[in-house]
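Trainee: The structure's right below; bear with me while I get my questions together.
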Amino acid sequence: MKKILNKYSRRLTEDKSQGASQAMLYGTGMNDADMHKPQIGIGSVWYEGNTCNMHLNQLAQFVKDSVEKENLKGMRFNTIGVSDGISMGTDDMSYSLQSRDLIADSIETVMSAHWYDGLVSIPGCDKNMPGCMMALGRLNRPGFVIYGGTIQAGVMRGKPIDIVTAFQSYGACLSGQITEQERQETIKKACPGAGACGGMYTANTMACAIEALGMSLPFSSSTPATSVEKVQECDKAGETIKNLLELDIKPRDIMTRKAFENAMVLITVMGGSTNAVLHLLAMASSVDVDLSIDDFQEIANKTPVLADFKPSGKYVMANLHAIGGTPAVMKMLLKAGMLHGDCLTVTGKTLAENLENVADLPEDNTIIHKLDNPIKKTGHLQILKGNVAPEGSVAKITGKEGEIFEGVANVFDSEEEMVAAVETGKVKKGDVIVIRYEGPKGGPGMPEMLKPTSLIMGAGLGQDVALITDGRFSGGSHGFIVGHITPEAYEGGMIALLENGDKITIDAINNVINVDLSDQEIAQRKSKWRASKQKASRGTLKKYIKTVSSASKGCVTDLD
């Protein structure tokens with residue numbers, strides 16, 4: 001008996017009672033034969049106003065052409081996106097994280113309402129990646145991700161630069177390290193065309209995680225946006241989605257607990273973004289896999305950092321592509337027994353089978369260190385707890401800035417206040433900068449603190465101050481930084497009670513973050529604390545404040 005591949009769409013296309021549905025589909029140009037073909041949603045996060053996304057409509061057309069060669073019907077649709085790089089450092093960065101859940105909601109909505117049989121999702125920027133994955137997990141229909149791809153490095157006076165160079169140029173100019181003319185030249189040359197920010201920032205981190213999970217084709221995460229190989233990846237979309245339909249392989253068959261462990265290992269080895277903690281928690285929630293922040297610490301305890309990527313290192317993702325790409329890294333890890341090779345992937349094969357014929361990394365490469373010569377012996381993403389963060393926090397400690405910091409609190413109730421303090425010289429060596437009321441509810445939307453960390457680095461204070469926040473950090477942030485502090489200030493967490501001059505210890509060896517206050521002093525301060533007014537009174541941010549969970553639960557909006 002022939003397998004039915006259009007088991008969802010036939011509800012509309014073959015049911016006589018759905019004549020109006022069929023009339024509208026005929027009106028789109030479909031013919032009689034099309035009515036019996038499986039319908040594949042091609043969900044692109046295309047928009048013109050961002051280098052990460054500007055080319056995705058073209059990729060979606062390549063995917064549609066490939067899908068239709070396989071006697072399937074490709075149905076392109078779009079969803080929204082937010083450019084973190086553009087909104088960073090402004091009040092409207094509040095819209096970034098909630099766009100992840102809007103992307104998931106909108107893809108789920110279109111796919112479900114139109115009864116599509118499968119999904120090829122094409123994200124390009126930071127929140128696009130987990131948003132598409134959460135939709136795939138919720139729907140649990142055959143599907144996979146084609147990453148829009150990474151940008152090429154910019155070049156200024158013979159040296160490679162990127163988006164973080166542009167962010168740091170302001171602080172460097174303020175401190176006299178570069179001229180205004182050099183700053184202008186930097187921002188004009190940092191982004192040479194289409195593709196996601198080039199270092200191991202959030203988009204590339206999540207692309208690596210998705211490939212390690214088995215939810216994208218091999219090499220997807222490291223293939224540059226404008227390369228021939230990215231077009232070739234799109235050309236494989238049709239045969240890939242048809243194979244998934246024929247084998248009835250669905251996201252929840254692939255996104256297992258072991259697959260998430262593979263993802264956590266790879267992003268640790270790659271030196272990935274702190275945002276991966278939030279996003280993997282949310283993606284796991286979408287497929288009912290039990291994952292917690294403590295699982296990240298378990299992986300960090302036994303997994304080294306090997307990749308010398310920006311922001312703390314030298315290289316960008318396009319450099320890795322040139323020496324074998326992400327699969328070459330995973331092959332090395334598989335040989336070392338660090339990955340589960342038996343995990344199923346969207347090729348229909350296991351991870352080990354996918355990697356079988358992949359070439360090894362060149363012996364003399366300087367991008368990926370050998371296991372016996374790591375950049376850091378344990379993971380850079382450290383989960384810290386203590387009286388400042390009873391429910392946890394996420395630190396990004398590469399080791400270059402040390403692993404213990406003791407200093408005095410310099411407290412700011414917003415990102416803008418802290419930026420003004422740096423500009424006027426009110427941030428000093430030895431400070432533990434505290435930026436609060438920037439959490440999921442308080443921000444709202446848990447804005448990223450890339451502007452503050454870039455100012456610190458640009459001003460030459462990266463080795464001399466620490467920064468803690470209930471907000472997030474961009475994948476481009478580096479230094480001695482601790483984010484995702486829970487409970488957040490808006491809900492009366494300890495970070496709301498900190499005062500200037502408090503002695504704070506951040507210990508990434510013992511995984512603690514404490515303020516030197518007695519329980520009695522903390523109780524006295526707590527009794528005087530009053531909740532602040534919500535920053536949004538209408539619209540999508542108001543809804544987000546009411547529904548979002550804590551950072552330690554992934555900031556999802558659909559928990560009971």
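Any Cβ shown, glycine's included, is placed from N, Cα and C.
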Trainee: Looking at Swiss-Prot, Asp126, Lys127, Glu448 are annotated for Mg(2+). Which of Asp84, Asp162, Asp413, Asp502 sits in that same site?
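Mentor: It is Asp84, as the record lists it for that site.
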Trainee: Cys52, Cys197 bind [2Fe-2S] cluster in Swiss-Prot, but which of Cys125, Cys132, Cys343 does that record place at the same site?
Mentor: Cys125
Trainee: Compare the C-alpha of Cys52 ([2Fe-2S] cluster binding site) with the C-alpha of each of the binding-site residues Asp126, Lys127, Glu448, and give the closest one.
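Mentor: Nearest listed residue in space: Asp126.
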Trainee: Based on Cα distances to Ser474 (active site, proton acceptor), point out the closest of the binding-site residues Asp84, Cys125, Cys197.
Mentor: Asp84
Trainee: Centre the Cβ atoms of Cys52, Cys125, Cys197, go out 8 Å, and tell me which other residues of that chain have a Cβ in range of the [2Fe-2S] cluster site.
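Mentor: Apart from the listed residues, the neighbours are Asn50, Thr51, Asn53, Ser83, Asp84, Gly85, Gly124, Asp126, Ile151, Gly195, Ala196, Tyr201, Ala203.
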Trainee: What are the other residues, in sequence order, whose C-beta lies within 8 angstroms of the center of the C-beta atoms of Asp84, Asp126, Lys127, Glu448 at the Mg(2+) site?
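Mentor: In sequence order, the nearby non-listed residues are Val82, Ser96, Leu97, Cys125, Thr202, Asn275, Ser474.
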Trainee: Using Cα coordinates, what distance in whole Å links Asp84 (Mg(2+) binding site) and Cys125 ([2Fe-2S] cluster binding site)?
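Mentor: Checking the Cα atoms of Asp84 (Mg(2+) binding site) and Cys125 ([2Fe-2S] cluster binding site) gives a distance of 8 Å.
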Trainee: Starting from the Cβ of Asp126 (Mg(2+) binding site), draw a 10 Å sphere and report how many other Cβ atoms land inside it.
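Mentor: Other Cβ atoms found within 10 Å: 32.
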Trainee: C-alpha of Asp126 (Mg(2+) binding site) to C-alpha of Cys197 ([2Fe-2S] cluster binding site): distance in Å?
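Mentor: Here the two Cα atoms lie 9 Å apart.
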